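A.B. asks: Dropping the structure in here first, questions after.
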Amino acid sequence: MGAGGRMSDPTEGKDILERVPVDPPFTLSDLKKAIPAHCFERSVIRSSYYVVHDLIVAYVFYFLANTYIPLLPTPWAYLAWPVYWFCQASILTGLWVIGHECGHHAFSDYQLIDDAVGFVLHSALYTPYFSWKYSHRNHHANTNSLDNDEVYIPKRKSKVAVYSKLLNNPPGRVFTLVFRLTLGFPLYLLTNISGKKYGRFANHFDPLSPIFTERERIQVVISDIGILAVLYATKLLVDAKGAAWVTCMYLIPVLGVHMFFVLITYLHHTHLSLPHYDSTEWNWIRGALSTIDRDFGFLNRVFHDVTHTHVLHHLISYIPHYHAKEARDAIKPVLGEFYKIDRTPIFKAMWREAKECIYIEPDEDSEHKGTYWYHKM
């Protein structure tokens, strides 16, 4: 997945690991003016088409797997199941992305429709819709702020845990990546791992969690009800079809969705060229610009282009995905060297970031003492 070499950005012709500047000469208003007006238009019919399309493709994958894999000889079945899991997880990740879009009010002009569609899609994929919507909103409001961001908050060198040092080797990196991809999202929802440090325990299922405001608490309960309903439906499926069938047909693809989500967001927010800021230097546009687009090859389209329009998304999150590429291309001349896309093949990029982005520190000789950059051990 992904294309191109490690060091060169075909768009800019520069070292892809070269640090981005920290003081943009443009404003958010300048960027909005560069985008064609129709890119801001949301169509409930067009957005719904993508939901129906993905559901049909997901059903086709289910039908083929359920009908034909059991008929295959054992060795071929062992090969066929991972193919199904990859294909189904990919298309379901597209549906998850549409649910995420609903949370940004980018699905339609009607908030009730957006929330209803997002609630159903995310609940079915074991994601508490409203709870994650609100914490994700806080992430967008405080991107790359060391004090207030909600997720992917790196540690300073003095805070690097002993186990991180012990795992700073090839086998340790393999373990770390597998752990992050498989358990990262559930642990984030359950324990707020890698998230903002609150004064007490925080998670996405407790309506009294410090993550949420008073007016959001009832919707956290609704999110919990959605997850409980899906858990009950899963139990009924297990009773009817058996645990192995449910695991193979549904639970492993859902785990794949979570893995894709963690992989995508990890690579969007972890890169040697991207700064983090403490409260002395952070402002909203600096934070929003401190992300990077990635190239997932043919999966870009399957994931509704969320992979390579992420810089735009952090600047203007309510543009629907079917206008995102056009809007991204419209602002690239304004962004100039503030825009980056890394086309390094995904597995190579994942390994590089796990190896080289270990902790953050400001440059000793820099006037920006509140600007932090990634370093390796």
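Yeah, the Cβs are placed from backbone N, Cα and C, and that goes for glycine too.
Predicted automatically and left uncurated, TrEMBL annotations should be read as such.
This is the feature table in TrEMBL:
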type	residues	note
DOMAIN	23-59	domain 'Fatty acid desaturase N-terminal'
DOMAIN	80-339	domain 'Fatty acid desaturase'
TRANSMEM	50-69	transmembrane segment
TRANSMEM	75-98	transmembrane segment
TRANSMEM	244-267	transmembrane segment
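In terms of burial and nearby residues, how do these features look in this structure?
C.D. replies: Through the fold, the domain 'Fatty acid desaturase N-terminal' (23-59) approaches residues 88, 91-92, 94-95, 98, 101, 106-110, 113, 117, 121, 285-286, 289, 304, 315-316, 318-323, 326-327, 330-331, 333-335, 338 of its own chain, all at least 6 residues removed from its boundaries and within a Cβ separation under 8 Å.
Cβ atoms under 8 Å from those of the transmembrane segment (244-267) belong to residues 62, 65-66, 81, 84-86, 88-90, 92-93, 96, 125-126, 151-152, 180-182, 184-186, 234, 237-238, 292, 294, 296, 303, 306-307, 342, 346, 349-350, 353 of the same chain, restricted to positions at least 6 beyond its ends.
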